[in-house]
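Enquirer: Take a look at what TrEMBL says about it:
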- R196, G197, G198, K199, T314, S528, R589: CoA binding site (BINDING)
- V542, H544, V547: Mg(2+) binding site (BINDING)
- 28-85: domain 'Acetyl-coenzyme A synthetase N-terminal' (DOMAIN)
- 87-483: domain 'AMP-dependent synthetase/ligase' (DOMAIN)
- 536-614: domain 'AMP-binding enzyme C-terminal' (DOMAIN)
- K614: N6-acetyllysine (MOD_RES)
Amino acid sequence: MADTAQATGAYTASADFIAKAHIDAAGYERMYAASVADPDAFWREEGQRIDWIKDYATVKNSTFEYGKVSIKWFEDGTLNVSANCIDRHMATRANQTAIIWEPDDPKVPALHISYAQLLEQTCRMANVLKAHGVQKGDRVVLYLPMIPEAAYAMLACARIGAIHSVVFGGFSPDALANRINDSEAKVVITADFAPRGGKKTALKSNTDQALLHCKDSVKCLVVKHTGDQTHWTEGRDFDVKAEMAAAKPYCAYTEVGAEDPLFILYTSGSTGKPKGVVHTSGGYLVYASMTHKYTFDYHDGDVFWCTADVGWVTGHSYIVYGPLANGATTIMFEGVPTYPDAGRFWEVCAKHKVTQFYTAPTAIRSLMGMGTEWVEKHDLSSLRLLGTVGEPINPEAWNWYNVNVGKGRCPIVDTFWQTETGGHLITPLPGAIPQKPGSATKPFFGIKPVVLDPANAALQTAVEADGVLCITDSWPGMMRTLWGDHARFEEAYFSQYRGYYFTGDGCRRDGDGYYWITGRVDDVINVSGHRMGTAEVESALVAHAQVAEAAVVGYPHDIKGQGIYAYVTLMRGVEPTEALRKELEAWVRTEIGPIAKPDLIQWAPGLPKTRSGKIMRRILRKIAENDFGALGDTSTLADPSVVDDLIANRMNKA
Ligand code: WT7
């Protein structure tokens, strides 16, 4: 295999960056080799980067064998995650800023929350939860804006051993209700409104609607954030800020097992309802803190900014758990990149002297279109490293980011990972691995990727390979199961390629051993770095009284990466009108949330089906991509003429 330090056509970090980096090229090779040769010895040592109440004797205990899949790390150790993220820093960092909160409205002052303040607020929140009967193992759903209370609530759950499930504020009441019910949560914590980009989402009112479909016993703790009036149900709704102010300022932390769940995070799959991905405490924290330190080359005194929302795993691992476990200063941003103008990201970087900046390619692409003057206005000299996540980054966006934001002196880490993986799987380590625009480069420590032939599951042994990406063995940060459905867990991730964890992604490995993720190979689409199951959008559409049938596929979209393209067959006698199209868009927004709204809806008198009734999605994808010259074999279609109609009336003629 070619030496990483000399990968062809690659960008190497500056000598200055490399000199200060935690890990250099030789260090990566040595540590990586050690991590895969003897995972037990490697992780026994790495596990010590966090504090244990009772140290572990056993390190790794896992099998990917279908039917018996079981993943345990540090299983006889005990710890508390909030103590690791807060208390253990108190001796040295009590007055250091833990979280910088940057509000949506730049005229509102930012908050600098010290570790001492974080401890107090987390404890107060923990005491409030306890007073409402939340105990170890209970589930708490968080449906919150990007406000400090979101971090307090996550850490408060961790403190008392409760399991949080954060639901992104952009999800609908229905989606929220499903998550509250599936996780059987006792409490939901929300806020009156969520300001974003100068608009306000009515979180409390959404929660009121959701709770109509939940058990009466579910309590609702409301953060009065904007102060706007909301409907109030006496006996069910509680003012959480008032209760925190009245609560005791300290709460002892609960000892939990390494394998006790820390959180559930729902994510879209290729079939059925969203999957409740379960992450546990010990291994997850070891992995989040280690990847945060090395991928971003985090050093004391740095100011780290991950622009994600805490409703996604990126926010869990790289706004809250990873940075705080490392005693870092982490930014929590309530707003959007384009409010009040397209310079907001760069204004915040300059204002808080951000050293590492981590965002999604879709954000870069949308800012790219607005011109470089928005970047040039602001002093970005504090930046040392840039990162991306969520989807492959196209070379144009990479170059724009590199030249205009990084000024050619900041390594760009393109981090490939998933909700399921807890932390980075494939990523450059910035001082060690030269970057190639569009490649996530090399595996992180302990990750053994393989490329398999999708046709016959054959292992591709040559360095250069094409196929699907699987992982050979477990690592501490990976999910352990799906909430309440271990059989579905095995089915979704371990059944198709026996003995491996299947990522769902296609990939190419080049002659330098670099990995290039080519996108999902299942029926999941990636919209602005957010995962959407086509089946979910389809079932929302067919729930509409006038829709007989729907098929949803992705198509290339300049800004979002992929857009949502829906083929809709209406009930007999229903007229396809513009008004109905708008109504269906709104319908999906309320069924799932704004992120699921179809970009294009095509009225389809029929869908291409095989004689056994299976929809031929391959054909629908081609038509949506405006690439219908080579539709392949259509001879197995029950009625080939439907294809001509679909082509003639296709929506994406660009
Ligand atoms: C899917 C996971 C945890 C990251 C946020 C999204 C795609 C993610 C990359 C990347 C190419 C990427 C994959 C993956 N993806 N990062 N750097 N390059 N593709 O998490 O919602 O669980 O989605 O996002 O397709 O499977 P997610």
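Positions of Cβ are set from backbone N, Cα and C atoms, glycine also.
Just so you know, TrEMBL annotations never went through curation; they're auto-generated.
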Enquirer: What is the one among the recorded positions H544, K614 whose Cβ has the most other Cβ atoms less than or equal to 10 Å away?
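Expert: The largest 10 Å Cβ neighbour count belongs to H544.
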Enquirer: I need the most crowded of these binding-site residues: K199, R589. Count other C-beta atoms within 10 angstroms of each C-beta and give me the top one.
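Expert: Selected residue: R589.
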Enquirer: List, in sequence order, the same-chain residues at least six positions removed whose CB sits under 8 Å from that of G198 (CoA binding site)?
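Expert: Listed in sequence order: D104, D105, Y339, P340.
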Enquirer: Looking at the binding-site residues G197, T314, V542, which have a C-beta within less than 6 Å of some atom in ligand 1?
Expert: T314
Enquirer: Of V542, V547, which of the binding-site residues has the most Cβ neighbours inside 10 Å?
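Expert: Most Cβ neighbours within 10 Å: V547.
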Enquirer: What is the set of residues, excluding V542, H544, V547, whose C-beta falls within 8 angstroms of the centroid of the C-beta atoms at the Mg(2+) site?
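Expert: Leaving out the recorded residues gives A540, L541, A543, A545, Q546, A548, E549, A550, V568, L584, W587.
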Enquirer: May I ask for the distance between S528 (CoA binding site) and H544 (Mg(2+) binding site), taken between their Cα atoms and rounded to an integer number of Å?
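Expert: One finds 26 Å between the Cα atoms of these residues.
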Enquirer: Which of the binding-site residues R196, K199, V542, H544, R589 has its Cα closest in space to the Cα of K614 (N6-acetyllysine)?
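Expert: Closest by Cα: V542.
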Enquirer: Summarise the domain 'Acetyl-coenzyme A synthetase N-terminal' (28-85) by DSSP state, stating how many residues are helix, strand and coil.
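Expert: DSSP classes over the domain 'Acetyl-coenzyme A synthetase N-terminal' (28-85) add up to 26 helix, 11 strand, 21 coil.
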Enquirer: Fewest other C-beta atoms within 10 angstroms of its own C-beta: which of the binding-site residues R196, G197, T314, S528 fits that?
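Expert: The binding-site residues R196, G197, T314, S528 were compared, and G197 has the fewest Cβ atoms within 10 Å.
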Enquirer: For K199 (CoA binding site), identify the closest of the binding-site residues V542, H544, V547, judging by Cα separation.
Expert: H544
